[in-house]
Every structure is written in structure tokens, then in C-alpha cells.
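So that you can see what the record holds, here are the features copied from TrEMBL:
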REGION    1-110  region 'Disordered'
COMPBIAS  9-18  compositional bias 'Polar residues'
COMPBIAS  93-110  compositional bias 'Basic and acidic residues'
TRANSMEM  150-171  transmembrane segment
TRANSMEM  191-210  transmembrane segment
TRANSMEM  222-244  transmembrane segment
TRANSMEM  250-268  transmembrane segment
TRANSMEM  337-355  transmembrane segment
TRANSMEM  385-409  transmembrane segment
TRANSMEM  456-476  transmembrane segment
ACT_SITE  469  active site
TRANSMEM  482-501  transmembrane segment
TRANSMEM  513-533  transmembrane segment
């Protein structure tokens, strides 16, 4: 600031010249340390300080310099009134000036200008309301500002509430996690499932041989399609038979079925994509047009290397090449692995310490007292929601990003901001991007291209999703009550209702609240209770 570089500044005093009432302004030099201290303490910006100095330097020999200087200062301060912090600094300057003026018996030129500016700016007639402004929490302004303080408050409240619940749980049940939580001798009985999992790569190899044969014109197109149908059907039925014939743990069965479903989806994408590439390769004009539209440069070629990369890549949609990153960040991978271990342990703690006691002390939700069932569902909803969020973070963020980093896989949009979804349809389009892209690519648009209406195509996509949800839960539990299937198909009327509410109430979050209530607060805890009690009843009847 210019005032700090100047060794001295100008001050003015007023003197009376006799009885004629004429007042004259005289200039004299005074040290500027006091003025600099006032300006530094006031936290006023450089524009105000430069205005004072420039005014003083330009009016050294002008007898009317005080009036001009004050005018410029007042004008600049009126400009600065638009900022929120100017008022605080000016009030502080006013108090300092009055205090030092009383001590010295006089007010210097720069300080006098500041004092006059404060008088003009804070007169009772000065307008206090100059613009149209919304309250910070109104619907038009709530998303235009930061809510970091409220976010911190939520974290503090969550820590306090859950800390009390942890202490209460430990006092009531004690430490429930056993030493064999991760692995025990009974896990050795699941070796048939492990062997089944290790043998699943045979099916991608068979699909590669089929594609290589049709590329070499050893077999016809319809024979290749028939063989792919046999391969994919066998791949999904093989683990189902193994799980149903072996008395394995539920967690082992769920893991195997998830792995088998992922392989099935990849095989379907591999066969469907190669079929479409063969169709395009027969029409050179169409191939060039689509290649320029896709902005990719690859040709139809059945490569074993590309198949192996696809089978381990964090995607369900096959293509001959993918966007790649330059290098592997080893330190970043280590940090993500540490987070993965921590959050997986947190999931195990919540399941063993909270969910199991609540479920074991409950009744079947469809039998008995309705109010008691509602109380159990609501009590189970909070720890179940924590487990679900930890699962999402561990798998979709940590594990898929670790895998992508190790494989230099570039497209890492594994999810979008599904927590802001205004309808159930938006949620299903954003929370699981690999499955969503597969559904759009291999179910939804093929249905539309074959003349199926849009609503029916959506219904078909939900039907396929419901089947796989039922397989991943019902088969490991050895229970076929179709609770998971009905839960997914129930999303269809919710999609219609939330879309209607979104169209009726524009820019509202009604659909978002319905999603959280029906899907996370009520739907998942109800499914957990239903499957648990059916599983316990099946074991009791087996004994």
C-alpha cells in the first residue's frame, strides 16, 4: 500500500481568523505511523488507503483540499458498501479516530476524511436496503452457497449419537465379534464353491473359440449364436447347481453367485458386441461413418489379449480397446487398500454387533403384531443403511478404482451423484454405471430397435435385473420366496409415481425423499428380516 511506503503524511488543522468568521485550512507535516496503524487495524482494503493517499498528494497546495479529499473518500466508500465486510472496518476506524482525536485534540487530514466518510455513510438517512435479496435457506438461494457448517454439524451429531449407541450396545450385549469372523475351520467345507469359482474362466475361453471360428468362417452365424446361448446358460446354471447341492455358508454362496453373474454379463456383451462388429464390417460406408461418430479407430479382430483384459477390467461392456491412463500410482493404490480394509472391518462390526442382535430378537414381519414389526424395521434401518453405504463405498469407489488403477483403465465413472436423484428412475441410472451401461447397450436399445415400446423396454430391463437379484440372494439362502424379485419389480410403479411428482412439482426433491424412504429405510430392512426368518425356519425344519 502506498501509505506504508511514505515516510510521512499530511495533516490539517483549522484556525479561526478573528471576528469575521472566516476559517482557513493550513497544512503541516506530521509522522504517518499513527495513520498507518489505524488503517492496518481497520482491515480496510487497499482501495480506501490508496484513495486517501492520492487525495493528500494531489492537494498539497490547495486550500480547499479537505473538501475534495472527503468527497472522493465518501464516493469510494459508497462503492465499497456493496461488500459485506466494509461496515465492520469503517466502524472500527471511527472508534479509533474518535479515541485518537480526543487524545491529540485534533484530527489530521487523512483521518478527518475517514471520519467524515463514516458520518456520511452511517447517517440515519443512509439507505440500509439497496437490493432484492433472498433468505439463505429459501428454495431459490439454498443451493447457491456453501453448507459446510451444516455438514460439519451433521458429522458432529452422527458421531455423538452413534457413540452413545455403541456404548449402549456394548453394555447390553458385550463384544459379539468372534475370532473366526473372517475365517474358521468350517469355511473349509466351502471348497466345492471355490473350485467352481476357479473353473468359471473356462466359459470365456469357449466364447473366444466360438468367435475365432466364426471369424475364420469355420461355422455360420446362427451356429455361433446357438453356441453362445449354450455357453452363457451353462455358465449361470453351473454355480447354481453347486450351491444347491452343497451345504455352504450364505456369504460364500453370495460371493460365488455375484462372480458368476458378472461373468455372464461380460459373456453376453462379448458375444453381442462381436456380432455387431461383424455386421458393421460388411458395410464399409456404415463402418466409417460410425467410427468417425464414435471417434475411435479400431477394426473387427478377435483377440485373446483383448478378451483377457476385458474379463478383468472394471466394466461389463466389451470393446476392442479402452481409454488408458499413463502410469500406476503405487502410493495411491496403497492408501485405497488401507481404506478398503478399514471400511470392510467397519461393515463386519456393524453386522455382528448391531444387525444380528436386532434380527435375532425380532419376529417374522408378516406375522404377529404390526406395530412391533414396524418398530423392528425402523430400528434395523439405521445400521442397515450404514452397511449399505459402506458396501457402496468399498466396492464402487475403492475396489473398482483400485482395479482400474492397476489396469490403467481410464473411464472411472462407476457412479454418479445418485444421492441427488429426484426420481427412482434417475437413481437406477446413476448409482451403478457399469450395470446401467450394460442394460442400455444390450437390453434397452435392442428392444427399441426391434419395435418394442419404451415402457415395455424399461419393464424388460427391470425384469432381467430382478432375476439376477433373486439368484444372488435366494440361491445362497436355499429359499425361493421371490422377495428380492418382487422388491425390484416394485420399483416400476415407484418410477411412475416419482416421475409424475417430478413433473407436477418442478425442482422438488419429493422423489428423492421417496427413494430414501422406500428403498433404504423400509425396503432393505424388510428384505433382511424376511430372508432371515425364512432361513431360520428352513434350518429348523431341516433339523
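Glycine is treated like the rest: Cβ placed from N, Cα and C.
The stretch in closest packing with the transmembrane segment (482-501), judged by the count of Cβ pairs under 8 Å and taken from 150-171, 337-355, 385-409, 513-533, is 513-533.
Between the transmembrane segment (191-210) and the transmembrane segment (222-244) there are at least 3 Cβ pairs closer than 8 Å, counting only pairs 6 or more residues apart in sequence, which means the two stretches are in contact. Within the chain, the transmembrane segment (337-355) has long-range Cβ neighbours (under 8 A, six or more residues past its boundaries) at 165-166, 169-170, 173, 176-178, 181-182, 380, 383-384, 386-387, 390-391, 393-394, 398-399, 402, 528. Among residues of the same chain six or more beyond the transmembrane segment (513-533), those with a C-beta under 8 A of the stretch's C-beta atoms are 355, 359, 362-366, 373, 376-378, 380-381, 384-385, 388, 421, 423-424, 427, 473, 477, 479, 481, 483-484, 487, 490, 494, 497-498, 501.
Under 8 Å, Cβ to Cβ, and six or more positions away along its own chain, residue 469 (active site) finds 484, 485, 487, 488. Long-range contacts of the transmembrane segment (222-244) within the same chain, counting only residues at least 6 positions beyond its ends with a Cβ under 8 Å from a Cβ of the stretch, are 192-193, 196-197, 200, 203, 206-207, 210-211, 213-214, 253, 256-257, 259-261, 263-264, 267-268, 271, 275, 471, 475-476, 478. Remote same-chain residues near the transmembrane segment (456-476) are listed as 236, 240, 243-244, 248, 250-254, 256-258, 261, 435, 439, 443-444, 447-448, 482-489, 491-492, 495, 531 (criterion: CB distance under 8 Å, separation of at least six residues from the stretch ends).
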